[in-house]
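Visitor: So TrEMBL lists the following for this protein:
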BINDING   A:Gly160, A:Arg161, A:Ser162, A:Ile228  NADP(+) binding site
DOMAIN    A:4-115  domain 'Tetrahydrofolate dehydrogenase/cyclohydrolase catalytic'
DOMAIN    A:134-282  domain 'Tetrahydrofolate dehydrogenase/cyclohydrolase NAD(P)-binding'
Protein chains: 2
Amino acid sequence: MELIDGKEVAAALKRKMAEEVAVMERKPTLVAILVGHDGASETYVGHKEKACKEIGFNSAVLRFEDTITEDALLAEIGKLNDDPQVDGFIVQMPLPRHISEQKVIEAIDPRKDVDGFHPVNVGRMILGLPAYVSATPEGICELLRYYRIPTAGKHCVVVGRSNIVGRPMANLLSDKEFNCTATLCHSRTENLKEICASADILVAALGKAEFVTADMVKPGAVVIDVGITRVPSDKTRNGWKLLGDVKFDEVAPKCSYITPVPGGVGPMTIVSLMKNTLLAAKGTIYGK
Amino acid sequence: MELIDGKEVAAALKRKMAEEVAVMERKPTLVAILVGHDGASETYVGHKEKACKEIGFNSAVLRFEDTITEDALLAEIGKLNDDPQVDGFIVQMPLPRHISEQKVIEAIDPRKDVDGFHPVNVGRMILGLPAYVSATPEGICELLRYYRIPTAGKHCVVVGRSNIVGRPMANLLSDKEFNCTATLCHSRTENLKEICASADILVAALGKAEFVTADMVKPGAVVIDVGITRVPSDKTRNGWKLLGDVKFDEVAPKCSYITPVPGGVGPMTIVSLMKNTLLAAKGTIYGK
């Protein structure tokens with residue numbers, strides 16, 4: 001069993017990007033819009049700023065109170081769309097209830113939508129055209145590439161059909177780069193255990209702590225754990241610990257490869273965002 | 001075994017649309033662009049015009065020689081995008097080699113893209129937002145609805161990952177309306193026979209005549225045959241016959257439902273186009 005070390009891969013990819021950015025005349029610029037004072041959102045945006053700094057991107061955070069109106073927020077997005085200094089930007093979710101997240105996503109110029117949430121980018125990804133791919137599935141693709149995991153013809157089972165992880169993941173894996181046979185499972189799936197146990201590559205992205213047990217995993221399978229749930233713990237100083245969707249201790253011995261939580265998929269998501277920002281600055285997807 | 005009668009369903013849906021159109025003040029208008037003189041394309045466009053007439057839509061065909069430049073064709077598309085009389089339009093494929101089909105598709109205003117080929121419509125469909133869905137997958141959805149075939153939790157296997165049939169089909173079936181567990185197979189799939197034989201619903205869309213044999217079908221399965229291949233025959237007056245992707249005679253007795261070829265999925269595709277045109281005229285997807 002080999003542990004997939006997301007921290008190592010993330011560091012390697014960031015180093016590579018930093019080298020590329022070092023010789024760029026104009027540094028890529030990523031802006032984050034942060035509405036309100038949600039603790040988790042603050043943390044995520046902080047991590048993104050830190051990554052920008054490490055790689056040599058310019059970055060900025062635009063902060064708004066959670067009383068901002070939808071129209072005012074859409075106007076701010078319009079400004080970023082029009083600002084030639086900004087290569088890409090994100091609006092940190094979730095947003096206050098009075099603002100439509102979908103409207104906000106669709107207001108972002110697809111050429112600057114480095115989160116890959118806009119229908120144009122989703123559609124282009126599905127059609128196999130160049131596109132910004134959302135961070136978690138793209139991060140998992142990078143892990144498969146880095147470890148040169150054989151995927152062609154293999155049966156990949158993705159559990160969870162969310163728009164930002166499970167569904168794009170199944171589509172990417174069944175496309176020509178990876179050539180997997182992809183099965184997308186969800187809360188309504190019958191015989192879920194049996195289907196998981198038939199997977200050569202199992203991607204758990206349902207958000208239920210330790211849901212995947214050893215009997216659901218085929219010997220020699222590759223297991224990618226996207227889950228991250230905070231649970232109380234009396235064994236840690238801060239009183240909580242993070243669990244994945246996979247019961248790691250019993251599943252790991254059966255696998256050929258497995259991602260730990262934390263330190264597996266998690267560190268890759270920010271790297272994907274950085275990769276998209278670099279692509280935006282270079283005009284790789286939509287031209288200059 | 002029950003035969004899924006695409007002709008009957010198509011007729012019923014057309015009647016229903018005709019009733020709705022009869023009381024509309026402004027009739028829906030569909031325009032087809034036809035480049036060159038390809039026989040099959042002429043036939044398809046003819047069928048579309050006929051369906052418009054039956055339902056009470058206005059229709060027109062814009063014909064261009066296959067020497068038309070890409071720029072000139074894009075200019076014609078621009079005119080249709082701007083024409084308030086035109087609710088939806090299609091560009092009949094294939095196009096001459098010197099014209100980029102992708103550029104043409106992306107030039108169509110998504111609000112008038114009743115073929116559902118534009119990345120915006122593909123992306124919206126994937127995200128579960130209102131969208132024009134391409135004709136064949138939408139037609140198959142209508143067959144499942146008409147026969148009230150139970151789909152929730154069932155395992156659906158789609159063979160063939162094309163952008164206009166297999167891939168959207170797998171995504172639609174795994175979304176909340178149908179709630180299938182969807183597996184997308186293709187030319188690189190290992191153990192294809194075994195996977196097909198595990199399907200409660202099998203959609204064959206690979207384009208190989210009589211590829212699916214009885215041993216690949218689970219007893220009681222629902223089999224949807226998208227294939228249509230013309231093969232020589234000495235038993236027909238015109239010297240050829242149409243075959244599906246399924247070896248009908250040996251597979252049919254094992255099924256709970258099966259679509260014949262011809263007369264199964266085929267008649268539904270034009271109905272889907274008509275349905276999209278009606279949605280366009282009503283502003284259902286993108287507003288007025």
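Every residue, even glycine, has its Cβ placed from backbone N, Cα and C.
All annotation found in TrEMBL is predicted automatically rather than curated by experts.
Quantities reported herein were computed from a predicted structural model and do not represent experimental measurements.
Let's see these features in context: how buried, what's close, how far.
Guide: There are 16 other Cβ atoms within 10 Å of the Cβ belonging to A:Ile228 (NADP(+) binding site). Look at A:Ile228 (NADP(+) binding site): DSSP puts it in coil.
The domain 'Tetrahydrofolate dehydrogenase/cyclohydrolase catalytic' (A:4-115): residue composition by secondary structure is 57 helix, 19 strand, 36 coil, according to DSSP.
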Visitor: What average pLDDT does the predicted model assign to the domain 'Tetrahydrofolate dehydrogenase/cyclohydrolase NAD(P)-binding' (A:134-282)?
Guide: 97
Visitor: Taking only the residues the record lists as binding NADP(+), namely A:Gly160, A:Arg161, A:Ser162, A:Ile228, what is the largest Cα to Cα distance between any two of them, in Å to the nearest whole number?
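Guide: 16 Å is the greatest Cα spacing among the residues binding NADP(+).
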Visitor: Go through the binding-site residues A:Gly160, A:Arg161, A:Ser162, A:Ile228 one by one and keep only those whose Cβ is less than 8 Å from a Cβ of chain B; report them in sequence order, or 'none'.
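Guide: Correct list, in sequence order: A:Arg161.
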